[in-house]
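A.B. asks: As listed in Swiss-Prot for this protein:
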ACT_SITE  128  active site, proton acceptor
BINDING   31, 35, 42, 43, 108, 110, 111, 128, 201, 202, 226, 243, 244  NAD(+) binding site
BINDING   42, 110, 111  nicotinamide binding site
BINDING   136, 139, 160, 163  Zn(2+) binding site
DOMAIN    5-254  domain 'Deacetylase sirtuin-type'
């Protein structure tokens, strides 16, 4: 039976009961968990993609001009990403992780804030990659961004020193294949949990938006925490339409 929390307090109390009763909790996070940390949303009105049209993967690979523009945009955002620190939502999930309730987090975010909050790298399933380092699109060789920046300042967007294919941020661009291993791990986790908490996601980007449904079909209870309604509110057991930091803040340190 779906419950839309009438106020923040009742929502937090019900969420606390569900967390206490759960054995295995899988959080699924979207952009909303990071906006209080200063990371701008990409998709919402006024977001980055409304100001700069996304560069698709095939365009990046085919055009030096597109690669230069992609890296110019990334370095223009460097201060924002470098200054960001985990918010209350990240820290609350890390507390549940340390307590053994959360085996891993599934995220659509690329900002590395779950790792910064205390999650081991191998326990953060990044569906859309990570913008804090770079990877060759050919052989997969990884590079630190300071190396890319030095090359970029000298000669524009660099190619791989191993195979001479283009180097891009280790994120998933439009038209690029989703990471198979991460999708498989996210599927297994969604099917194995007894509480799935979707946080700060509009739940419209597929295939990632399928994980809450998958967990629900497998018998898990579903919580959705998002300021705006989502298309999956009707199947949720609890919907909390309040600030994420305020909602999850009471669970920091528990």
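The backbone N, Cα and C atoms fix where each Cβ goes, and this holds for glycine too.
Quick caveat, the model's predicted, so the values are computed rather than measured.
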A.B. asks: Can you tell which of the recorded positions 128, 136, 139, 163 lies nearest to residue 201 (NAD(+) binding site) in space, using Cα positions?
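C.D. replies: So, of the listed recorded positions, the one sitting closest to residue 201 (NAD(+) binding site) is 128.
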A.B. asks: Report, as a single number, how many Cβ atoms besides its own are within 10 Å of the Cβ of residue 163 (Zn(2+) binding site).
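C.D. replies: A 10 Å sphere around the Cβ of residue 163 (Zn(2+) binding site) contains 12 other Cβ atoms.
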A.B. asks: Quick check for the class: what is the C-alpha distance, in angstrom and rounded, between residue 139 (Zn(2+) binding site) and residue 31 (NAD(+) binding site)?
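C.D. replies: Rounded to a whole number, the Cα-Cα distance is 29 Å.
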A.B. asks: Return only the integer: C-alpha distance in Å from residue 226 (NAD(+) binding site) to residue 163 (Zn(2+) binding site).
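C.D. replies: Between the alpha carbons of residue 226 (NAD(+) binding site) and residue 163 (Zn(2+) binding site) there are 43 Å.
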A.B. asks: Could you state the CA-to-CA distance between residue 163 (Zn(2+) binding site) and residue 31 (NAD(+) binding site) to the nearest Å?
C.D. replies: 34
A.B. asks: Measure from the CA atom of residue 108 (NAD(+) binding site) to the CA atom of residue 128 (active site, proton acceptor) and give the result in Å, rounded to a whole number.
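C.D. replies: Approximately 5 Å lies between the Cα of residue 128 (active site, proton acceptor) and that of residue 108 (NAD(+) binding site).
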A.B. asks: Inside 10 Å of the Cβ of residue 136 (Zn(2+) binding site), count up the other Cβ atoms and send me the figure.
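C.D. replies: Around residue 136 (Zn(2+) binding site), other Cβ atoms within 10 Å: 21.
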A.B. asks: Around the Zn(2+) site (136, 139, 160, 163), what further same-chain residues have their C-beta within 8 angstroms of the site's C-beta centre?
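C.D. replies: Nearby residues not in the site list: 137, 138, 140, 141, 159, 161, 162, 164, 165, 167.
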A.B. asks: Looking at the binding-site residues 31, 139, 244, which one has the fewest other Cβ atoms within 10 Å of its own Cβ?
C.D. replies: 139
A.B. asks: If you average per-residue pLDDT over the domain 'Deacetylase sirtuin-type' (5-254), what number do you get?
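C.D. replies: Computed over the domain 'Deacetylase sirtuin-type' (5-254), the mean pLDDT is 94 on the 0 to 100 scale.
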A.B. asks: For residue 108 (NAD(+) binding site) and residue 160 (Zn(2+) binding site), what Cα-Cα distance in Å is obtained after rounding to a whole number?
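C.D. replies: Distance (Cα to Cα, whole Å): 26 Å.
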